[in-house]
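I have placed the structure first, in the form of C-alpha cells, so that the comments after it can refer back to it.
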C-alpha cells in the first residue's frame with residue numbers, strides 16, 4: 001500500500017507551501033526586513049540611534065530619512081519575527097484587494113502619516129503651556145509595528161465584522177480592536193513605543209475615513225508604473241498582483257486562513273494561522289483546477305461551476321459599465337444571477353430567464369442593497385457612489401467581493 005504522502009511532508013515542504021501563498025510585495029517586505037536584521041547581526045551593527053525615528057533629530061537636523069529607515073530596522077530577533085508573522089496575513093489580504101503597487105504606495109503613505117502624527121504629538125507635549133516634557137522628543141522608535149497597527153484598522157474596516165477575537169481568548173467590538181491590542185502589548189511587553197503604535201492607529205482611521213483621499217492617485221498612476229520596463233521582471237512573477245485585480249499568469253495566491261472573517265494574526269486562535277503550514281490532500285477534481293482561483297476568497301472553482309462564474313462575472317461587468325443607477329432590469333438580473341451562483345446552478349439560460357421575469361426592483365433592493373455605512377466605507381476609499389452601490393448589490397452585500405469587483409473594473 002502506498003504510504004501517506006501528506007503525513008510524510010517535512011518542515012521544508014510545509015514552509016515552501018506557506019511561502020508560495022504569500023503575494024509578491026508582502027514577501028518582499030519580509031525578505032528586506034529579515035536580511036537587514038541578519039546583516040546588522042553579522043556585522044555587529046547596533047547603532048539604532050542613527051536610523052530610528054527621533055523627533056528631536058527630525059526637527060533640529062531635518063533627517064527625513066529616519067521616517068523610512070525606522071520601519072525596516074528591528075532591535076531583536078523576536079521583534080522582527082513577531083512583526084513579520086503579523087505582516088503575512090494582514091499584508092497578504094490587503095495586497096490581494098489593492099494590488100502590489102497600490103500596497104507599496106499605501107505603506108509609504110502610512111509611514112509618512114505615522115511620522116507626522118508622532119512628531120506633532122511630541123511637539124505638543126514638549127512645548128505646551130501647561131506641562132512640558134521632552135521625553136517624547138528624545139524617544140527612539142524602530143520597527144514595522146506602527147504600520148501593522150494601521151493595517152489592522154484598515155483590514156478590520158474592510159472586513160465589515162462587528163467583533164474581533166483577541167488571541168482567541170475573548171471577543172471585543174471591531175472598532176475597539178486596535179486599541180485593545182495597543183493596551184495589551186503595552187502591558188505584556190517591555191520597551192514598546194506606545195506613541196508609535198497609537199500613531200499607527202490614528203493613520204489607519206484617517207485612511208478609512210477618507211482623509212487621505214486627496215493623496216491617493218488614480219488607477220492610471222498605478223497602471224503606468226506596472227507597465228514600465230524597469231518593473232517588467234517583477235510584474236511577470238506569478239505572485240505579483242496587478243492593481244486591476246488581475247494577474248499576468250492567471251494565478252492569484254491564496255491564504256488558507258483567508259476564508260475566516262478575521263484573518264489577522266491576532267484574530268482567533270493563533271493555531272489557525274500556523275495551520276497554513278500544514279499540507280492538505282487534494283482530490284483529482286481539485287488538482288485539475290489548481291490554476292483557477294477566485295481573488296480574495298481562496299476558493300477553488302469546480303469544473304461544473306465555470307458557466308455560472310462566467311455568467312455572474314458578465315453580469316457584474318455590465319452593471320459596473322452602466323453609469324445609470326436607475327436600470328431595474330440589470331439590477332434584477334444581477335441579483336438573480338448571484339442567487340443562482342450561490343445555489344450552484346449551472347445552466348446560463350436560467351440566469352437570462354430570471355433577468356427577464358425577475359422579481360420587482362423593490363423586492364430585490366431588500367435583499368441586495370447594502371446599508372449606508374457599508375457604502376460610505378467604500379466611497380471613502382475613492383470609488384464613485386453609483387459604482388459602489390451596484391458592486392455591493394452584485395456581491396450580495398459582501399464588502400470584500402465588492403472591493404474586488406470595483407478594482408477589476410478600473411482601467
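Along the chain as shown, residues are numbered 1 onward.
Cβ from N, Cα, C; glycine included.
Automated prediction, rather than curation, is the source of TrEMBL annotations.
Among the ranges 234-258, 259-283, 284-308, the one that TrEMBL lists as region 'Disordered' is 284-308.
Proximity of distant same-chain residues to the transmembrane segment (65-91), defined by a Cβ-Cβ separation under 8 Å and at least 6 residues beyond the stretch ends, is recorded for 22-23, 25-26, 29-30, 32-34, 36-37, 40, 48, 51-54, 57-58, 103, 108, 111-112, 115, 141-148, 151-152, 155, 255, 257-258, 263-266, 273. Across the domain 'UBA' (369-409), DSSP assigns 29 helix, 0 strand, 12 coil. With a cut-off of 8 Å between Cβ atoms, the residues of this chain six or more beyond the transmembrane segment (103-123) that come close are 25-26, 29, 53, 55, 58-59, 66-68, 71, 91, 94-95, 136-137, 139, 141, 146-147, 150-151, 195-196, 199-200, 202-204, 206-207, 212, 215-217, 222. Confidence over the domain 'UBA' (369-409), given as mean pLDDT on the 0 to 100 scale, stands at 80. When Cβ-Cβ distances below 8 Å are used as the criterion, the transmembrane segment (135-154) is approached by residues 29, 33, 48-49, 51-56, 59, 70-75, 79, 83-84, 86-87, 90-91, 94, 107, 110-111, 114, 118, 121-123, 125-126, 177-178, 181-182, 193, 195-197, 199-201, 203-205, 207-208, 264, 266 of the same chain, each at least six residues removed from its ends. Packing against the transmembrane segment (21-45) from elsewhere in the chain are residues 72-74, 77, 80, 83-84, 87-88, 91-92, 95-96, 100-101, 103-104, 107, 144, 234, 237, 239-241, 253-256, 276: each is 6 or more residues past its ends and has a CB under 8 Å from a CB in it.
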